[in-house]
Amino acid sequence: MCRNFLLLTKVVKHGYFASRDCYLKLWCGDSVSAYYTSHPPFDKASHIAVAAVGPTALAIEYGAGIFLAFVYGRYPDHMKKSMWFGLVLNSMSLILSSFVNQVWLLIALQGVGLGIAGSLLYWPVIFLVSEWFVQRKGLASGIIFAGSGIGGFIFPLIVNALMDSLGHRWTLRILAAIQAVFGGIALVGVCPRIPPIKYRRGQRRPQFIPPRLQFFSRKVFWTFATTTFLQAMSYFPVSLYIAVFTATISSPLSATIVLSMFNSSGVVGQILIGYLSDRFPYPWIMFGSTMGSAIAAFLLWGFADTLARVFAFAIIFGGLSGGFSSVTFAAATDAANPNPEQAGMAASAATLGKGIAAVMGPIISGVLLEAGKSVSSGPYGKFGFGPVEIFVGSCAIAGSMSSLAVLATRPRP
(Lines of atoms letter the chains of each structure in order from A; the text may use other names.)
(Lines give C-alpha, C1' and ligand atoms only; values in the text may rest on other atoms or scores of the structure.)
Protein backbone atom coordinates (compact mmCIF):
# COMPACT_ATOMS: atom_id res chain seq x y z
CA MET A 1 0.00 0.00 0.00
CA CYS A 2 2.79 2.40 0.92
CA ARG A 3 4.62 1.65 -2.32
CA ASN A 4 1.47 2.23 -4.39
CA PHE A 5 0.91 5.56 -2.62
CA LEU A 6 4.48 6.64 -3.34
CA LEU A 7 4.10 5.68 -6.99
CA LEU A 8 0.81 7.57 -7.22
CA THR A 9 2.48 10.62 -5.68
CA LYS A 10 5.23 10.31 -8.28
CA VAL A 11 2.65 10.16 -11.07
CA VAL A 12 0.84 13.26 -9.83
CA LYS A 13 4.07 15.23 -9.65
CA HIS A 14 5.01 14.11 -13.15
CA GLY A 15 1.50 14.99 -14.30
CA TYR A 16 2.07 18.64 -13.42
CA PHE A 17 4.56 18.98 -16.26
CA ALA A 18 2.09 17.34 -18.65
CA SER A 19 -0.28 20.17 -17.76
CA ARG A 20 2.18 22.59 -19.39
CA ASP A 21 1.27 20.98 -22.69
CA CYS A 22 -2.23 22.40 -22.46
CA TYR A 23 -0.77 25.84 -21.76
CA LEU A 24 1.03 25.74 -25.11
CA LYS A 25 -2.16 24.54 -26.80
CA LEU A 26 -3.97 27.49 -25.25
CA TRP A 27 -1.63 29.89 -27.05
CA CYS A 28 -2.48 28.04 -30.28
CA GLY A 29 -6.10 28.98 -29.69
CA ASP A 30 -7.73 31.55 -31.88
CA SER A 31 -9.14 33.36 -28.82
CA VAL A 32 -5.64 34.33 -27.61
CA SER A 33 -4.57 35.28 -31.14
CA ALA A 34 -7.74 37.32 -31.48
CA TYR A 35 -6.91 39.18 -28.28
CA TYR A 36 -3.39 39.97 -29.49
CA THR A 37 -4.56 41.17 -32.91
CA SER A 38 -7.34 43.33 -31.45
CA HIS A 39 -5.31 45.02 -28.68
CA PRO A 40 -2.14 47.11 -28.78
CA PRO A 41 0.69 46.63 -29.53
CA PHE A 42 -0.04 43.77 -31.94
CA ASP A 43 -3.36 45.01 -33.34
CA LYS A 44 -1.67 46.17 -36.54
CA ALA A 45 0.54 43.12 -36.92
CA SER A 46 0.03 40.27 -39.36
CA HIS A 47 -2.65 37.89 -38.09
CA ILE A 48 -0.77 34.99 -39.66
CA ALA A 49 2.44 35.91 -37.81
CA VAL A 50 0.64 36.20 -34.46
CA ALA A 51 -1.18 32.91 -35.04
CA ALA A 52 2.19 31.22 -35.65
CA VAL A 53 3.24 31.63 -32.00
CA GLY A 54 1.40 28.63 -30.55
CA PRO A 55 2.05 26.12 -33.35
CA THR A 56 5.75 27.03 -33.24
CA ALA A 57 5.92 26.17 -29.54
CA LEU A 58 4.03 22.90 -29.97
CA ALA A 59 6.10 21.83 -32.97
CA ILE A 60 9.32 22.37 -31.02
CA GLU A 61 8.03 20.63 -27.91
CA TYR A 62 6.85 17.51 -29.72
CA GLY A 63 9.64 17.49 -32.30
CA ALA A 64 12.48 17.76 -29.80
CA GLY A 65 11.65 14.44 -28.15
CA ILE A 66 13.88 12.17 -30.20
CA PHE A 67 16.80 14.60 -29.94
CA LEU A 68 16.43 14.78 -26.15
CA ALA A 69 16.20 11.00 -25.99
CA PHE A 70 19.68 10.83 -27.53
CA VAL A 71 20.97 13.63 -25.27
CA TYR A 72 19.72 11.98 -22.07
CA GLY A 73 21.00 8.62 -23.24
CA ARG A 74 24.51 10.10 -23.37
CA TYR A 75 24.13 12.53 -20.46
CA PRO A 76 21.65 10.90 -18.03
CA ASP A 77 23.25 12.69 -15.08
CA HIS A 78 22.19 16.07 -16.52
CA MET A 79 18.48 15.32 -16.94
CA LYS A 80 17.35 16.93 -13.68
CA LYS A 81 19.56 19.98 -14.30
CA SER A 82 18.02 20.43 -17.73
CA MET A 83 14.54 20.39 -16.20
CA TRP A 84 15.48 23.19 -13.80
CA PHE A 85 16.90 25.12 -16.74
CA GLY A 86 13.66 24.52 -18.64
CA LEU A 87 11.63 25.87 -15.72
CA VAL A 88 13.77 29.03 -15.55
CA LEU A 89 13.59 29.45 -19.33
CA ASN A 90 9.81 29.02 -19.21
CA SER A 91 9.34 31.80 -16.65
CA MET A 92 11.88 34.11 -18.27
CA SER A 93 10.28 33.67 -21.70
CA LEU A 94 6.90 34.66 -20.29
CA ILE A 95 8.26 37.64 -18.35
CA LEU A 96 10.34 38.96 -21.25
CA SER A 97 7.50 38.52 -23.73
CA SER A 98 5.36 40.77 -21.53
CA PHE A 99 7.62 43.68 -22.49
CA VAL A 100 7.91 43.14 -26.26
CA ASN A 101 6.13 45.16 -28.92
CA GLN A 102 7.24 43.33 -32.05
CA VAL A 103 5.79 40.10 -33.41
CA TRP A 104 9.13 38.48 -34.21
CA LEU A 105 10.12 38.83 -30.54
CA LEU A 106 6.78 37.33 -29.53
CA ILE A 107 7.46 34.33 -31.77
CA ALA A 108 11.03 34.03 -30.45
CA LEU A 109 9.97 34.12 -26.79
CA GLN A 110 6.49 32.54 -26.65
CA GLY A 111 7.09 30.32 -29.67
CA VAL A 112 10.71 29.18 -29.62
CA GLY A 113 11.46 29.94 -25.95
CA LEU A 114 8.37 28.25 -24.52
CA GLY A 115 8.76 25.38 -27.01
CA ILE A 116 12.28 24.61 -25.84
CA ALA A 117 11.31 25.05 -22.18
CA GLY A 118 8.29 22.80 -22.67
CA SER A 119 10.38 20.05 -24.23
CA LEU A 120 12.89 20.16 -21.36
CA LEU A 121 10.08 19.80 -18.82
CA TYR A 122 7.81 17.42 -20.71
CA TRP A 123 10.07 14.75 -22.19
CA PRO A 124 12.09 13.74 -19.11
CA VAL A 125 8.80 12.91 -17.41
CA ILE A 126 7.80 10.73 -20.37
CA PHE A 127 11.15 8.95 -20.40
CA LEU A 128 10.97 8.20 -16.66
CA VAL A 129 7.61 6.42 -16.89
CA SER A 130 9.26 3.24 -18.20
CA GLU A 131 11.60 3.19 -15.20
CA TRP A 132 8.87 3.47 -12.59
CA PHE A 133 6.07 1.38 -14.12
CA VAL A 134 5.78 -1.95 -15.93
CA GLN A 135 2.48 -3.71 -15.24
CA ARG A 136 0.33 -0.57 -14.99
CA LYS A 137 2.27 1.65 -17.35
CA GLY A 138 -0.84 2.54 -19.34
CA LEU A 139 -2.76 3.71 -16.28
CA ALA A 140 0.26 5.64 -14.98
CA SER A 141 0.78 7.40 -18.31
CA GLY A 142 -2.95 8.10 -18.50
CA ILE A 143 -2.87 9.84 -15.11
CA ILE A 144 0.22 11.80 -16.15
CA PHE A 145 -1.30 12.87 -19.46
CA ALA A 146 -4.46 13.79 -17.58
CA GLY A 147 -2.46 16.68 -16.20
CA SER A 148 -2.89 18.35 -19.58
CA GLY A 149 -6.66 17.97 -19.29
CA ILE A 150 -6.76 19.41 -15.80
CA GLY A 151 -4.59 22.30 -16.88
CA GLY A 152 -6.75 22.67 -19.97
CA PHE A 153 -9.76 23.17 -17.73
CA ILE A 154 -8.08 25.73 -15.49
CA PHE A 155 -5.83 27.74 -17.83
CA PRO A 156 -8.49 29.09 -20.24
CA LEU A 157 -10.56 30.41 -17.35
CA ILE A 158 -7.55 32.02 -15.66
CA VAL A 159 -6.02 33.46 -18.82
CA ASN A 160 -9.24 34.94 -20.17
CA ALA A 161 -10.15 36.46 -16.80
CA LEU A 162 -6.70 37.96 -16.33
CA MET A 163 -6.49 39.32 -19.86
CA ASP A 164 -9.88 40.97 -19.60
CA SER A 165 -9.06 42.60 -16.27
CA LEU A 166 -5.29 43.23 -16.38
CA GLY A 167 -4.24 42.95 -20.01
CA HIS A 168 -1.78 40.54 -21.55
CA ARG A 169 1.38 42.00 -19.98
CA TRP A 170 0.45 41.38 -16.35
CA THR A 171 -1.25 38.12 -17.33
CA LEU A 172 2.06 36.80 -18.63
CA ARG A 173 3.94 37.94 -15.51
CA ILE A 174 1.41 36.34 -13.17
CA LEU A 175 1.48 33.08 -15.13
CA ALA A 176 5.28 33.09 -15.01
CA ALA A 177 5.17 33.37 -11.22
CA ILE A 178 2.51 30.67 -10.87
CA GLN A 179 4.39 28.21 -13.05
CA ALA A 180 7.70 28.95 -11.35
CA VAL A 181 6.27 28.22 -7.88
CA PHE A 182 4.22 25.12 -8.68
CA GLY A 183 6.75 23.84 -11.20
CA GLY A 184 9.54 24.12 -8.65
CA ILE A 185 7.50 22.20 -6.09
CA ALA A 186 6.69 19.44 -8.59
CA LEU A 187 10.25 19.27 -9.86
CA VAL A 188 11.56 18.41 -6.39
CA GLY A 189 9.73 15.08 -6.61
CA VAL A 190 10.80 14.15 -10.15
CA CYS A 191 13.68 11.67 -10.15
CA PRO A 192 14.73 8.44 -11.87
CA ARG A 193 14.10 5.13 -10.13
CA ILE A 194 17.70 4.08 -10.74
CA PRO A 195 20.26 6.77 -9.85
CA PRO A 196 22.09 7.84 -13.02
CA ILE A 197 25.75 7.02 -13.48
CA LYS A 198 28.01 9.91 -12.51
CA TYR A 199 30.72 10.13 -15.15
CA ARG A 200 34.14 11.42 -14.27
CA ARG A 201 35.93 13.93 -16.45
CA GLY A 202 37.34 12.11 -19.46
CA GLN A 203 35.31 8.95 -18.82
CA ARG A 204 33.79 7.52 -21.97
CA ARG A 205 30.05 8.04 -22.34
CA PRO A 206 27.55 6.09 -24.49
CA GLN A 207 27.29 7.05 -28.14
CA PHE A 208 25.01 9.99 -28.89
CA ILE A 209 22.98 7.90 -31.34
CA PRO A 210 22.77 4.26 -30.16
CA PRO A 211 24.15 1.84 -32.74
CA ARG A 212 21.06 -0.39 -32.80
CA LEU A 213 17.74 1.38 -33.03
CA GLN A 214 15.79 -1.67 -34.11
CA PHE A 215 12.39 -0.05 -33.67
CA PHE A 216 13.00 1.96 -36.86
CA SER A 217 12.95 -1.32 -38.80
CA ARG A 218 9.71 -2.59 -37.30
CA LYS A 219 6.45 -2.17 -39.16
CA VAL A 220 4.46 -1.63 -35.96
CA PHE A 221 6.49 1.51 -35.25
CA TRP A 222 5.73 3.07 -38.62
CA THR A 223 2.04 2.17 -38.55
CA PHE A 224 1.72 3.63 -35.06
CA ALA A 225 3.63 6.78 -36.06
CA THR A 226 1.29 7.19 -39.03
CA THR A 227 -1.76 6.75 -36.81
CA THR A 228 -0.40 9.30 -34.33
CA PHE A 229 0.08 11.83 -37.13
CA LEU A 230 -3.42 11.31 -38.54
CA GLN A 231 -5.03 11.49 -35.11
CA ALA A 232 -3.17 14.72 -34.35
CA MET A 233 -4.31 16.18 -37.68
CA SER A 234 -7.89 15.67 -36.52
CA TYR A 235 -7.30 16.85 -32.94
CA PHE A 236 -5.48 20.16 -33.35
CA PRO A 237 -8.03 21.86 -35.63
CA VAL A 238 -10.73 21.15 -33.04
CA SER A 239 -8.62 22.42 -30.15
CA LEU A 240 -7.96 25.52 -32.25
CA TYR A 241 -11.47 26.32 -33.48
CA ILE A 242 -13.93 24.86 -30.97
CA ALA A 243 -13.98 28.15 -29.01
CA VAL A 244 -14.36 30.21 -32.19
CA PHE A 245 -17.27 28.07 -33.38
CA THR A 246 -18.96 28.33 -29.98
CA ALA A 247 -18.61 32.12 -29.92
CA THR A 248 -20.55 32.38 -33.19
CA ILE A 249 -23.45 30.45 -31.63
CA SER A 250 -23.40 31.92 -28.15
CA SER A 251 -21.02 34.22 -26.25
CA PRO A 252 -17.29 34.50 -25.50
CA LEU A 253 -17.98 33.20 -21.99
CA SER A 254 -19.66 30.11 -23.44
CA ALA A 255 -16.66 29.66 -25.73
CA THR A 256 -14.33 29.64 -22.73
CA ILE A 257 -16.54 27.14 -20.92
CA VAL A 258 -16.67 24.84 -23.96
CA LEU A 259 -12.88 24.97 -24.32
CA SER A 260 -12.51 24.04 -20.65
CA MET A 261 -15.01 21.18 -21.07
CA PHE A 262 -13.17 19.98 -24.16
CA ASN A 263 -9.86 19.85 -22.29
CA SER A 264 -11.21 18.51 -19.00
CA SER A 265 -13.08 15.66 -20.70
CA GLY A 266 -9.66 14.49 -21.80
CA VAL A 267 -8.87 13.77 -18.14
CA VAL A 268 -11.44 10.98 -18.06
CA GLY A 269 -10.46 9.80 -21.53
CA GLN A 270 -6.74 9.66 -20.77
CA ILE A 271 -7.14 7.77 -17.52
CA LEU A 272 -9.75 5.38 -18.93
CA ILE A 273 -7.86 4.67 -22.15
CA GLY A 274 -4.63 4.21 -20.17
CA TYR A 275 -6.39 1.75 -17.86
CA LEU A 276 -7.87 -0.18 -20.80
CA SER A 277 -4.54 -0.33 -22.65
CA ASP A 278 -3.12 -2.35 -19.74
CA ARG A 279 -5.86 -4.96 -20.13
CA PHE A 280 -6.86 -5.14 -23.79
CA PRO A 281 -5.05 -5.02 -27.16
CA TYR A 282 -4.23 -1.35 -27.63
CA PRO A 283 -4.85 -1.27 -31.43
CA TRP A 284 -8.56 -1.86 -30.81
CA ILE A 285 -8.55 0.97 -28.26
CA MET A 286 -6.90 3.20 -30.87
CA PHE A 287 -9.54 2.16 -33.37
CA GLY A 288 -12.37 2.95 -30.97
CA SER A 289 -10.85 6.33 -30.08
CA THR A 290 -10.36 7.47 -33.67
CA MET A 291 -13.60 6.00 -35.06
CA GLY A 292 -15.63 7.52 -32.23
CA SER A 293 -13.92 10.86 -32.85
CA ALA A 294 -14.79 10.66 -36.54
CA ILE A 295 -18.47 9.98 -35.83
CA ALA A 296 -18.57 12.87 -33.36
CA ALA A 297 -16.97 15.24 -35.87
CA PHE A 298 -19.21 14.25 -38.79
CA LEU A 299 -22.50 14.16 -36.89
CA LEU A 300 -22.31 16.14 -33.65
CA TRP A 301 -20.11 18.99 -34.87
CA GLY A 302 -21.35 18.88 -38.44
CA PHE A 303 -24.99 19.41 -37.44
CA ALA A 304 -24.29 21.54 -34.34
CA ASP A 305 -26.52 24.60 -34.27
CA THR A 306 -27.19 24.88 -30.54
CA LEU A 307 -24.97 25.24 -27.52
CA ALA A 308 -26.15 21.88 -26.14
CA ARG A 309 -24.89 20.06 -29.25
CA VAL A 310 -21.55 21.84 -29.04
CA PHE A 311 -21.26 20.78 -25.39
CA ALA A 312 -21.97 17.17 -26.37
CA PHE A 313 -19.38 17.27 -29.14
CA ALA A 314 -16.74 18.89 -26.90
CA ILE A 315 -17.20 16.23 -24.21
CA ILE A 316 -17.27 13.20 -26.54
CA PHE A 317 -14.54 14.29 -28.95
CA GLY A 318 -12.40 15.70 -26.13
CA GLY A 319 -12.60 12.44 -24.20
CA LEU A 320 -11.98 10.10 -27.13
CA SER A 321 -9.42 12.10 -29.07
CA GLY A 322 -7.80 13.70 -26.03
CA GLY A 323 -7.25 10.30 -24.45
CA PHE A 324 -5.51 8.80 -27.48
CA SER A 325 -2.01 9.65 -26.21
CA SER A 326 -2.38 7.16 -23.35
CA VAL A 327 -1.74 4.24 -25.73
CA THR A 328 1.70 5.62 -26.61
CA PHE A 329 3.69 3.52 -24.18
CA ALA A 330 1.94 0.28 -25.07
CA ALA A 331 2.75 0.80 -28.76
CA ALA A 332 6.28 2.06 -28.04
CA THR A 333 7.00 -1.01 -25.91
CA ASP A 334 5.91 -3.27 -28.78
CA ALA A 335 8.07 -1.33 -31.22
CA ALA A 336 11.14 -1.38 -28.94
CA ASN A 337 11.07 -5.07 -28.04
CA PRO A 338 13.37 -6.87 -27.42
CA ASN A 339 15.05 -3.65 -26.19
CA PRO A 340 12.58 -2.20 -23.67
CA GLU A 341 15.09 0.45 -22.64
CA GLN A 342 14.47 2.07 -26.04
CA ALA A 343 10.71 2.44 -25.48
CA GLY A 344 11.14 6.12 -24.63
CA MET A 345 13.08 6.72 -27.82
CA ALA A 346 10.42 4.91 -29.85
CA ALA A 347 7.67 6.99 -28.23
CA SER A 348 9.50 10.27 -28.90
CA ALA A 349 10.24 9.29 -32.50
CA ALA A 350 6.60 8.37 -33.16
CA THR A 351 5.48 11.67 -31.61
CA LEU A 352 7.58 13.65 -34.08
CA GLY A 353 4.66 13.50 -36.49
CA LYS A 354 2.49 15.13 -33.83
CA GLY A 355 4.75 18.16 -33.93
CA ILE A 356 4.36 18.35 -37.70
CA ALA A 357 0.59 18.03 -37.34
CA ALA A 358 0.59 20.88 -34.79
CA VAL A 359 1.70 23.16 -37.63
CA MET A 360 -0.04 21.55 -40.60
CA GLY A 361 -3.42 21.08 -38.93
CA PRO A 362 -4.03 24.75 -38.09
CA ILE A 363 -2.75 25.89 -41.50
CA ILE A 364 -4.98 23.52 -43.48
CA SER A 365 -8.01 24.14 -41.26
CA GLY A 366 -7.52 27.90 -41.60
CA VAL A 367 -7.52 27.66 -45.39
CA LEU A 368 -10.59 25.41 -45.31
CA LEU A 369 -12.43 27.79 -42.98
CA GLU A 370 -11.82 30.73 -45.30
CA ALA A 371 -13.06 28.65 -48.22
CA GLY A 372 -16.12 27.56 -46.25
CA LYS A 373 -17.09 31.13 -45.41
CA SER A 374 -17.42 31.93 -49.09
CA VAL A 375 -20.05 29.21 -49.57
CA SER A 376 -23.60 29.51 -48.27
CA SER A 377 -24.16 26.98 -45.48
CA GLY A 378 -27.19 24.74 -45.04
CA PRO A 379 -28.09 22.55 -42.08
CA TYR A 380 -24.60 20.99 -42.19
CA GLY A 381 -21.43 22.92 -41.44
CA LYS A 382 -22.73 26.13 -39.91
CA PHE A 383 -20.80 29.42 -40.24
CA GLY A 384 -18.45 28.07 -42.91
CA PHE A 385 -17.03 25.28 -40.72
CA GLY A 386 -18.27 22.48 -42.98
CA PRO A 387 -14.91 21.88 -44.75
CA VAL A 388 -13.07 21.90 -41.42
CA GLU A 389 -15.51 19.40 -39.93
CA ILE A 390 -15.17 17.11 -42.93
CA PHE A 391 -11.38 17.39 -42.76
CA VAL A 392 -11.35 16.53 -39.05
CA GLY A 393 -13.66 13.56 -39.52
CA SER A 394 -11.71 12.30 -42.53
CA CYS A 395 -8.39 12.41 -40.69
CA ALA A 396 -9.97 10.54 -37.79
CA ILE A 397 -11.38 7.91 -40.17
CA ALA A 398 -7.95 7.53 -41.74
CA GLY A 399 -6.51 7.14 -38.24
CA SER A 400 -8.96 4.35 -37.49
CA MET A 401 -7.92 2.50 -40.65
CA SER A 402 -4.28 2.99 -39.71
CA SER A 403 -5.08 1.56 -36.27
CA LEU A 404 -6.08 -1.67 -37.98
CA ALA A 405 -2.68 -1.63 -39.69
CA VAL A 406 -1.11 -1.41 -36.23
CA LEU A 407 -3.15 -4.47 -35.24
CA ALA A 408 -1.89 -6.35 -38.29
CA THR A 409 1.78 -5.47 -37.76
CA ARG A 410 2.15 -5.72 -33.97
CA PRO A 411 4.09 -8.73 -32.63
CA ARG A 412 1.99 -11.68 -31.64
CA PRO A 413 2.14 -12.54 -27.90
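For all residues, glycine too, the Cβ spot is worked out from N, Cα and C.
Just so you know, TrEMBL annotations never went through curation; they're auto-generated.
As written in TrEMBL, here are the features:
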type	residues	note
DOMAIN	1-411	domain 'Major facilitator superfamily (MFS) profile'
TRANSMEM	48-72	transmembrane segment
TRANSMEM	84-107	transmembrane segment
TRANSMEM	113-134	transmembrane segment
TRANSMEM	141-162	transmembrane segment
TRANSMEM	174-194	transmembrane segment
TRANSMEM	240-262	transmembrane segment
TRANSMEM	282-304	transmembrane segment
TRANSMEM	310-332	transmembrane segment
TRANSMEM	388-408	transmembrane segment
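Take the transmembrane segment (282-304) and the stretches 48-72, 84-107, 174-194, 240-262, 388-408: counting Cβ pairs under 8 Å, 388-408 has the most. The list of residues near the transmembrane segment (113-134) in space but at least 6 beyond its ends in sequence, with Cβ under 8 angstroms from a Cβ of it, reads 7, 10, 14, 17-18, 20-21, 24, 27, 56-62, 64-65, 68-69, 72, 79-80, 82-83, 85-87, 89-90, 92-94, 96-97, 140-141, 144, 183, 190-194, 329, 333, 340-341, 343-344, 347-348. The average pLDDT computed for the domain 'Major facilitator superfamily (MFS) profile' (1-411) is 85.
Tertiary neighbourhood of the transmembrane segment (84-107): same-chain residues 20, 36, 41-42, 45-46, 49-50, 52-53, 56, 113-114, 116-121, 168-173, 175-177, 179-180, 183-184, 187, selected by CB-CB distance under 8 Å and a gap of 6+ residues from either end. Below 8 angstroms of C-beta separation, residues 21, 24-30, 32-33, 36-37, 42, 78-79, 82, 103-104, 106-107, 110-112, 114-116, 118-120, 122-124, 126-127, 208-210, 236, 344-345, 347-349, 351-352, 354-356, 358-359, 362-363, 366 of the same chain, each at least six residues beyond the ends of the transmembrane segment (48-72), sit close to that stretch.
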